[in-house]
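Here Swiss-Prot flags Glu434, Glu443 as active site, proton donor/acceptor, drawing on similarity to another entry. Annotated protein binding site per Swiss-Prot: Phe326, Glu434, Glu443, in sequence order. The domain 'SAM-dependent MTase PRMT-type' annotation in Swiss-Prot covers 307-620 and rests on sequence analysis. Residues or ranges marked as region 'Dimerization' by Swiss-Prot on the basis of similarity to another entry: 477-493.
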Amino acid sequence: MINSAQYEFSCGVELESVDIQLDIERAYDLEYQFIMTSISHPRFNRDFTKASIGNSFSNKVAFTRSDTLLQSNYWRSSIVGKTSTNGIDLDSIDPTIRSNSVKTLKQEISWAAHLSLPSILLPTPSFNSTNYAQVVNQSLQSLSYMKVWIRIPLVSPKSQLLNKFDYYQDHNTSGGSGNNLVDNDNPWEWWNNFRLLCNQHPNLSAVLEMTSDLPSKEQLQQWLGEPVKCVIIPTSVFLTNKAGFPTLSKAHQQFLLQLFNYNIQFVVSGASMDTLKDYKTYLKFLHTNQNPLTQEEYFEMPYLDFLQAPLQPLMDNLESQTYEVFEKDPIKYKQYQNAVRLALLDLDKKDSKDDPIIIMVVGAGRGPLVNSSIQASIEANKFVKVFAVEKNPNAIVTLRNRIIMEGWEEIVTVIDSDMRDWNTEYRADIMVSELLGSFGDNELSPECLDGAQRYLKKDTGISIPTWYTSYIAPISSSKLFNEVTAYGDLKHSETPYVVKPHNFHQLAESKPLFTFSHPNRDEIIDNSRYESLEFELTIPSTTCHGFIGYFDCCLYKDVHISINPSNFSTGMFSWFPIYFPLKQPVYFSNGNLNNNNNNNIKAKCAFWRNVSKSKVWYEWCLLSPTITPIQNVGGRSYYIGL
């Protein structure tokens with residue numbers, strides 16, 4: 001049985017530590033992995049209102065403990081530092097308070113870096129924390145090891161108070177600048193403003209603080225596209241069961257179960273040492289009792305959020321290990337076998353050993369579709385002759401050996417040729433291919449099949465697949481955006497990537513984009529395409545980092561293979577989605593729109609599929625709520641060679 005969790009459970013405890021050595025030992029005894037505690041000593045006080053806060057920054061009085069209290073490996077692995085919160089205000093209108101706050105934060109960040117702490121937790125920003133962000137951004141430039149965490153509540157204190165007294169609805173409908181009020185009171189907006197001012201630095205992450213009230217489901221899902229590294233769970237959020245032990249509401253449990261699928265640490269806050277173990281035991285129980293990983297999820301784990309360049313099937317030959325991965329798919333070839341069987345049964349032809357049904361497998365690879373076709377003929381009780389057309393000379397070697405091993409010599413003929421160049425007098429009753437990419441047509445299935453369809457019987461020939469459609473949707477994913485940005489050049493920001501997205505939030509349901517049908521009987525075949533699509537977002541505000549692409553393919557009649565979420569072929573893992581990045585993230589907000597019918601965000605994009613004599617490429621852009629430059633103009637950064 002496959003383990004039930006993708007990631008190990010890591011849980012710490014937040015406390016104000018006077019004796020840090022003793023508290024670490026206690027935490028370990030209670031099976032916590034680390035403690036989260038203030039960098040400055042809890043007995044050290046500063047007066048931020050004084051023009052000079054004297055000994056606070058002098059060498060006469062130490063503001064914290066000595067680094068020699070613990071060995072360096074404990075500082076590096078067992079402690080997350082917290083900066084001061086009492087009295088600190090880096091955006092105060094009082095210049096004295098502001099200046100002293102800046103000095104304090106810089107001093108504590110410097111000390112945390114000196115200790116080699118893995119992470120440092122900073123206080124919650126407000127909607128306008130410009131100076132606070134500037135100080136943090138400066139520090140981020142010099143931190144090579146330590147990560148900076150920003151504490152963000154799921155629901156703002158103001159909203160929690162209003163919910164408690166049941167005034168929230170009146171508060172939102174009492175007139176005035178309602179949209180601005182919602183934005184200013186939305187913790188995601190605080191986080192978004194802060195990280196944008198810090199240029200989305202990859203070492204800056206959010207720490208979510210659970211609240212008794214939870215925001216809407218859409219707003220919770222929004223955090224799945226953000227760089228959340230830790231979740232703090234105050235004991236006040238827990239309920240007590242009949243046995244007197246802590247438990248969480250169903251809504252909190254459901255959100256936690258989602259978070260367990262990410263590499264996130266957890267922290268219990270507000271408990272006394274006497275009750276700490278009960279909270280850890282409960283959270284560990286939830287983590288352990290997840291559903292086991294499916295074979296598909298287990299296979300996908302190493303590829304989560306890992307960017308891969310799409311294949312160039314006509315320019316490059318696939319390697320043996322690539323074929324091997326594709327051939328392990330438990331769903332794809334069963335569906336092909338079903339499609340071929342139905343097609344064989346539908347053919348109005350009397351077959352015999354001397355006059356068999358002709359099946360051409362174009363792009364045969366190492367033979368999985370050949371096998372599916374033969375198995376389908378056995379099920380349909382039909383005599384067939386199979387031509388296996390393949391351009392890769394290395395795959396040809398495997399294919400010829402397989403024919404001998406399987407005893408297919410009387411059934412299968414291997415054609416060592418590009419399907420577009422092969423000449424034969426035979427005409428196929430059925431043409432079978434698996435030339436699809438993550439976006440359907442992005443591995444040149446239309447161009448390949450258009451070149452090969454001259455071998456298909458004109459009036460009665462059947463193509464498998466019959467048609468396929470690409471789908472697209474806007475997404476938010478700081479992770480994917482930062483992965484692309486790390487390359488630091490134009491080429492990578494205009495390249496689509498095959499990826500199994502994990503740390504992302506799809507902002508709307510995907511919509512169909514380009515469709516191709518086979519055989520294509522148009523007198524003049526044109527595989528270039530242009531479409532613009534509009535999406536309606538129900539979330540009040542978000543950041544768009546690009547688009548995620550899928551495909552749905554009809555092999556024959558009602559037999560489909562699909563990676564589109566709405567009709568995904570469960571268990572199939574031959575294809576991951578495709579990610580089209582935007583060069584810069586784009587902020588969406590319903591507060592910026594004047595919709596008459598509702599306040600939902602309307603986002604519109606445009607996509608082009610361009611074709612020349614030597615290459616095929618995509619171009620894309622955003623059209624609303626703001627216009628972005630068209631990317632990959634003329635295929636300057638990425639194309640698929642013909």
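Even glycines carry a Cβ here, placed using N, Cα and C.
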I need the CA-to-CA distance for Glu443 (active site, proton donor/acceptor) versus Phe326 (protein binding site), whole Å please. 15
Tell me the Cβ neighbour count for Phe326 (protein binding site), meaning other Cβ atoms within 10 Å of its Cβ, over all protein chains shown. 18
Using the centroid of the Cβ atoms of Phe326, Glu434, Glu443 as reference, list every other same-chain residue with Cβ within 8 Å of it (recorded protein site), in sequence order. Leu311, Pro313, Gly363, Gly365, Leu435, Leu436, Gly437, Ser574, Trp575
Using DSSP, what's the helix, strand and coil tally for the region 'Dimerization' (477-493)? 12 helix, 0 strand, 5 coil
Check Phe326 (protein binding site) against DSSP and tell me helix, strand or coil, would you? helix
Quick note, Glu434 (active site, proton donor/acceptor): same-chain residues at least 6 apart with CB under 8 Å of its CB -> Lys332, Tyr336, Gly363, Gly365, Leu369
In all the protein chains shown, the tally of other Cβ atoms within 10 Å of the Cβ of Glu443 (active site, proton donor/acceptor) is 23
